[in-house]
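Novice: Take a look at what TrEMBL says about it:
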- 107, 112, 159, 160, 176: S-adenosyl-L-methionine binding site (BINDING)
Ligand SMILES: C[S@@+](CC[C@H](N)C(=O)[O-])C[C@H]1O[C@@H](n2cnc3c(N)ncnc32)[C@H](O)[C@@H]1O
């Protein structure tokens, strides 16, 4: 898709999201913010066009506007949201770009990291999925008004259900703040194709979570191929970006019944 086709005006954005005010839009979508985000991303080797930067800011403004009437995020402060939603989501882009095929953002919530990734990775198609229907409807509205509808669709479903209905369809599954890593591995394994990947972002990975993830990975045919620790800008802490590849066959029959991955996790 031609990235110059992305983006929208304030009037289009407000038609889609009536709770979005001009004041909030102007606070988020402006040259200073665009320059700042561009510099931050460049420091991670993520090169962006002006169009992509502006569309990232528009996506954030839409989400923050919608958040006034629908609980999508606890982060309401624009400075924080720039780092914790846009930059944090963008950190997934380099590993996602290494895999061909459609991307599933599992537990997308208000569209993160899926929406920023759709803006940053124009070669990929995206399915943004969450079990909460209202969130998914809002995210589809954002994608449509941003001109991303040709490459971005949504699904209100549970990961365990898609594991059967969309088995092996995805080159990459992304997930941020959805579940412990062993649970994510179980969700992702049936969804990714051979040598596809799960890309997971974590604020903190304890030794216990790491051990449980290693054991779960072996059981579901996934293998850790990359683990990178990156500092967020402005002292917002660090992120672990974990990449697991589907390297073998699961030893357990997947997906298990809805809820089992969480209530009786593999470890
Ligand atoms: C804390 S929110 C994170 C949202 C978003 N990924 C982000 O980083 O802002 C976790 C989301 O995962 C969704 N979720 C959790 N388990 C899920 C499952 N098994 N299938 C689909 N969605 C799930 C929840 O509905 C929720 O919206």
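Note that Cβ sites are derived from N, Cα and C of the backbone, with glycine treated the same way.
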Novice: According to DSSP, does residue 160 (S-adenosyl-L-methionine binding site) fall in a helix, a strand, or coil?
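Specialist: Assignment for residue 160 (S-adenosyl-L-methionine binding site) reads helix.
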Novice: Quick check: in three-state DSSP terms, what is residue 112 (S-adenosyl-L-methionine binding site)?
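Specialist: Note: residue 112 (S-adenosyl-L-methionine binding site) is coil by DSSP, not helix or strand.
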Novice: Kindly assign residue 176 (S-adenosyl-L-methionine binding site) to one of the three DSSP-derived states: helix, strand or coil.
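Specialist: For residue 176 (S-adenosyl-L-methionine binding site) - judged by DSSP and reduced to three states - the answer is strand.
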Novice: Taking only same-chain residues 6+ apart in sequence, whose CB is under 8 Å from that of residue 159 (S-adenosyl-L-methionine binding site), what do you get?
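Specialist: 106, 107, 129, 187, 188, 191, 255, 261 - these are the non-local Cβ neighbours of residue 159 (S-adenosyl-L-methionine binding site), listed in sequence order.
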Novice: What is the Cβ neighbour count of residue 107 (S-adenosyl-L-methionine binding site) at a 10 Å cut-off, with all protein chains included?
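Specialist: Result for residue 107 (S-adenosyl-L-methionine binding site): 22 neighbouring Cβ atoms inside 10 Å.
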Novice: When a 10 Å sphere is centred on the Cβ of residue 176 (S-adenosyl-L-methionine binding site), how many other Cβ atoms does it contain?
Specialist: 25
